[in-house]
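According to TrEMBL, the protein carries these features:
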type	residues	note
DOMAIN	B:5-165	domain 'CSC1/OSCA1-like N-terminal transmembrane'
TRANSMEM	B:6-27	transmembrane segment
TRANSMEM	B:97-116	transmembrane segment
TRANSMEM	B:143-164	transmembrane segment
DOMAIN	B:186-342	domain 'CSC1/OSCA1-like cytosolic'
TRANSMEM	B:355-379	transmembrane segment
TRANSMEM	B:399-420	transmembrane segment
DOMAIN	B:429-577	domain 'CSC1/OSCA1-like 7TM region'
TRANSMEM	B:504-536	transmembrane segment
TRANSMEM	B:556-577	transmembrane segment
TRANSMEM	B:584-602	transmembrane segment
COMPBIAS	B:650-664	compositional bias 'Polar residues'
REGION	B:650-723	region 'Disordered'
COMPBIAS	B:670-683	compositional bias 'Basic and acidic residues'
COMPBIAS	B:704-714	compositional bias 'Polar residues'
There are 2 protein chains.
Amino acid sequence: MEISALLTSAGINISICIVLLSLYSILRKQPANYCVYFGRRLVCGGARRYDPFWYERFVPSPSWLVKAWETSEDEFLAAAGLDAVVFLRMVIFSIRIFFITAVVCIAFVLPVNYYGQPKVHKEIHLESSEVFTIENLKEGSKWLWVHCLALYIITSAACLLLYFEYRTIAKMRLGHITGSASKPSQFTVLIRAIPWSPDQSYSDTLSKYFTNYYSSSYMSHQMVYHNGIIQRLLLDAERMCQSLKHVAPEINCRPSLTPCTFCGGLTATNSFHILSNEGDSVKGMELGELTMTTPEQERPAAFVFFKTRYDALVVSEVLQSSNPMLWVTDLAPEPHDVYWRNLNIPYRQLWIRRIATLVGAVAFMFVFLIPVTFIQGLTQLQQLSHAFPFLRGILKEKFINQVITGYLPSVILILFFYAVPPLMMQLNVFSSVRDIPAQLARAVPTQAGFFTTYCFTSGWASLACEIMQPMALIWNLVAKAVSKNKDDSYETLRFPYHTEIPRLLLFGLLGFTNSVIAPLILPFLLIYFFLAYLIYKNQILNVYITKYESGGQYWPIFHNTTIFSLLLTQIIALGFFGLKLSTVASGFTIPLILLTLLFSEYCRHRFAPIFHKHPAQVLIDMDRADEMAGKMEELHKKLHSVYSQIPLHSQKSSSKGECSTPFANQELPDPEKLKPEEGDAIAKELWGYQGNESGQEHEDKSCPSASSPENRTPTMIELHKRS
Amino acid sequence: MEISALLTSAGINISICIVLLSLYSILRKQPANYCVYFGRRLVCGGARRYDPFWYERFVPSPSWLVKAWETSEDEFLAAAGLDAVVFLRMVIFSIRIFFITAVVCIAFVLPVNYYGQPKVHKEIHLESSEVFTIENLKEGSKWLWVHCLALYIITSAACLLLYFEYRTIAKMRLGHITGSASKPSQFTVLIRAIPWSPDQSYSDTLSKYFTNYYSSSYMSHQMVYHNGIIQRLLLDAERMCQSLKHVAPEINCRPSLTPCTFCGGLTATNSFHILSNEGDSVKGMELGELTMTTPEQERPAAFVFFKTRYDALVVSEVLQSSNPMLWVTDLAPEPHDVYWRNLNIPYRQLWIRRIATLVGAVAFMFVFLIPVTFIQGLTQLQQLSHAFPFLRGILKEKFINQVITGYLPSVILILFFYAVPPLMMQLNVFSSVRDIPAQLARAVPTQAGFFTTYCFTSGWASLACEIMQPMALIWNLVAKAVSKNKDDSYETLRFPYHTEIPRLLLFGLLGFTNSVIAPLILPFLLIYFFLAYLIYKNQILNVYITKYESGGQYWPIFHNTTIFSLLLTQIIALGFFGLKLSTVASGFTIPLILLTLLFSEYCRHRFAPIFHKHPAQVLIDMDRADEMAGKMEELHKKLHSVYSQIPLHSQKSSSKGECSTPFANQELPDPEKLKPEEGDAIAKELWGYQGNESGQEHEDKSCPSASSPENRTPTMIELHKRS
């Protein structure tokens, strides 16, 4: 690919980005789009009121960029939680390391590559981009030590930065644990596979076991019930509500928090509000009755509550029974993270389901090898005209030629595999174990041009897409136009960590592997990361709400994958030094690989355990502080009610709390959990696979929501009261 | 290789075995060799007295075989401990599964292979052994379903047997835990990396920490001291003893338990005996003084004692501090398993040492590829005469030809790599990832003849060698002849699990991989396993003593490796079905691989945790039983003294106990641990690497021992008393 083709592609993408960002800065000021671009602010009550006759709103402005830039980390932590901060730190780490990498590689490696062979150079824009890669060096070149040195500098910088980041984030995580003092999950253990006994119910077996072995610490428990009965109740209630609505239209079936379009504040529907205050005591009784009447509906799973955090920790970590498939213990998830349907699955099935999920994922990746093989060929112009004979005439045109080779292949690729890490595209060229480094070394520079355009199309474009929220925007417009629905209730989105962290990692991988081999990609990557910093910060502050908080558990994934990228870079460079017959450079790379492995092992010992286990010392100190302050009683009291399979009305009351302090929203039951969807078996399995560690769900609902299940709760309470 | 060459080789080996076993049955009856062949019995006092004029002792007899056969598992467990029973069960499992395999493969697979191609067969002894392999089948043969079915039968039988064995051994392990009620290690936690504080000693930091966080369960602790001071004391004492000996010859410097040659009983030297009774109280004081006077010699490691087993378990499993490199806890090893020198190593160095060990082991294996490549060529006669031109004349002789191809290569191989698993010999033929099954399939049958002779030379011969104990025998004779040493004190050996389990696994691997491909090896393997059963049983009962008891932790290793062997077999068969163009057989093999993986995963969930962790329920029950019986006080009292870095005299008293009940010998400090050897860095690292899980040491001392360090203890006590 010629440099001019590359620049054409970059130009197209930069123009698109500028247009989209300008468009965004206008669209966000339109009141009709507030629910698309300020979902979070609307929930939190922080959206400002605009004068409808304020015509500046039709002029693009960079104010949002300034605002995103100026928000400090503390403000960000308070507003969006630890996971968001960790995510932002991933972006900052990428900016830092690729700034260093770009400086080193463009100042030293690029000239060495360019003047690698004694030949007359063309004008710079007519040069092939391969002139800037390590391919251009002649065999046995004495300048390969520059690449080797650059590799050392990059690796050292990356390891140093990773170390300090890991240390800081570990501290933040500990602060998060101690800071979230009122978490009921810390007192609770999820027990699965309670052994069945013909003489007594599961509940009796459980209380007998814990009063026998943990009499000093056991408080009480909450059984999990067969989903059928809960769902039947909910459906009945729903149906009754629907029929009652026709009779008495003043009973609103969707009485959720209704935002006032212009003031941005929240006004609760009256019926909802009044009932909420009266319903509490009634509910408690009804739950009790239900518990009494359905012992045969019990499942062999329960939440067990303990007197102190330390007691719960101990029970969750110790192997309970001599049969490891019985009395399986885990620290409980937060009440609003519980997916009750999953607790119905017998523990004996879980491991099979996990394996099935894994097999499915692997099969899915291999299916994607077919389009990838095809696409990879397109970057070579000859192959392209061979594949599409009708294009031959057009391809002779210079500009179109540039567009097609610089832009088309990665666009097609995006269409095929938006979600699968394109690392797999390297897999089908492997045929020899011993030659992997050399094969990788051959593959990477020829694909450097492709990766650069991939950075434009997948990186920059996805960021522009992210900030525009086109799906939500269109859905919002269509819904408003078609249904004339004035009641614009909405559902806020959660940040899609599960797609954005892999994307960040993928670009990190591309950056590292190309760094000393084809450094031309680095400036474009830096632009991507810089843009990502501003856009993600803006989006997290304005659009997304925090519902699930892992407490920084994404960082070890990022850390390990970055180490993997570094190692892969070193192995590829090793292959290259081998191909170029430089034994000195090869010799110096091997210790670097070993040192990187040692660093990784050190971090695994020093920091990783904090992300898997809670330190006893910290929990004991928290317990003592609470006991001194006399808060224990209060904490114990609410444990039973928050882990309730039937959504209690009182759990709604704090839904506003999640905006300011994302850790305090434990009373909010996740509406997603109550939805009787039958087709979400995959999500269910994924949840089971991820366990409590890094599970998150992707809620992809757009603005004007159709009958939200969240609203069933007050409805049911109403019905209970009336019946 | 021709069948006759194979039979020649087998004949030679069978003759050698018969001669050696007959020789053994004579040698074992000679009183001079008692200490070689009845080491264990001499220690336990169970050796019978023979009349020196009883001339039957020069006639070979099979009585030892009968005795080994007749010993029941319960007797064996009581005499030799759980590890020995588990080892024997490995042999029994191998006999069972290879009996089934041999029946299936010889009855069905062998005829299919033999008549695989329509050709005129020679006389059976002139046939090449390759006629009996799957190689003989023509491409696209319709009889491959026989192989596929055989594979299913073998896999099912193996999985069933493995499942029942795992269940039985898990039960035995639980019984072992509950049965060994007086183990001090169950109450003790080994703490490493105690943080350093400038204001106070490690001991103070530790007691402050535990009285603060574990006040209800913490009892006391025992610091680890710098080895220098202990060693200096020991050496001084030794030197003083040496000089005193010249002055007062009645003080015997080697007063250990002296066996009476003919009665086999033990008579303790007087000086030893008398002092032992007087020294106790004095010692306790002196240890106390030492502890008081050397706070600056403390190391950041300690044994901490808790009131109950459950408390110790909890502390050992919970992450203590927010810095995972501080307050590192582990369940303590048994007192006699403690390697005090290792506890001096800072915890921060341990992980580096472990990695260095791993790297060393891998490098070591790769070095062995060089002889292996050479040896592998020798099985082909043409290559042999090419390698050794001077042999060309001799090789034309038929018998010598047979001997060389059937016997020589594996003998040379044995000389090169007695210790390295020869699985590596397959490694250098791999060059393609995707073709591994096919390449394996090509490699295995051509090497089948080699593997069969390897079974003779390494398998049968090593068993004969094991029972003869040639090194010990020669050493015994030489020492008696040269030094005229009438005081035949001796050191008993421990069973070398670390070489014998890998050997068993290797032959299992050979058996499985060859089963459907070249079933001719199976009868020879069966003979090996059967012989192994009798010989190992005899040796464990008569020769070896049990010092380290892992509680059956070798079984998961055996289980996992057997599963690996099954999977490798299936993959090789898959490659073969591919080579022979049988899509049906290939198609049916893939689900078998998946099912085997599922079975492995199930066992990993169902049984493996029992071998890594102690179940809380079991420990709590044990604690309660001891409290009810009022034994707790007694147990607590002796905790402090048994974990003492300075060998107390009282610890000697129970050295006889190790014979009958191997679990009760916790008071015996291992003399090996006190030896000031400087060159055992590798052993030290290995110990560190294996941790408490499966570590064992190989003590390879023969009969007439030179100045045993064990004997220093009473000497020192004497000196202490005198000074």
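Even glycines carry a Cβ here, placed using N, Cα and C.
Beyond the ends of the transmembrane segment (B:556-577), by six or more residues, the same chain brings 86, 90, 93, 134, 144, 147-148, 151, 154-155, 158-159, 162, 165-166, 436-442, 444, 501, 504-505, 508-509, 512-513, 515-517, 583, 585-586, 589-590, 592-593, 596-597, 599-600, 603, 607-608, 611, 694 to within a C-beta distance below 8 angstroms of the stretch. Sequence-distant contacts of the transmembrane segment (B:143-164) (same chain, six or more residues past either end, CB-CB distance under 8 Å): 93, 96-97, 100-101, 104-105, 108-109, 112, 116, 134, 137, 512, 515-516, 559, 562-563, 566, 569-570, 573, 576-577, 580, 582, 584-585, 588-589, 592, 595-596, 599, 603.
In terms of DSSP secondary structure, the domain 'CSC1/OSCA1-like 7TM region' (B:429-577) contains 114 helix, 2 strand, 33 coil.
Cβ atoms under 8 Å from those of the transmembrane segment (B:584-602) belong to residues 144-145, 147-148, 151-152, 155, 159, 163, 560, 563, 566-567, 570-571, 573-574, 577-578 of the same chain, restricted to positions at least 6 beyond its ends.
Mean pLDDT, taken over the domain 'CSC1/OSCA1-like 7TM region' (B:429-577), works out to 81 on the 0 to 100 scale.
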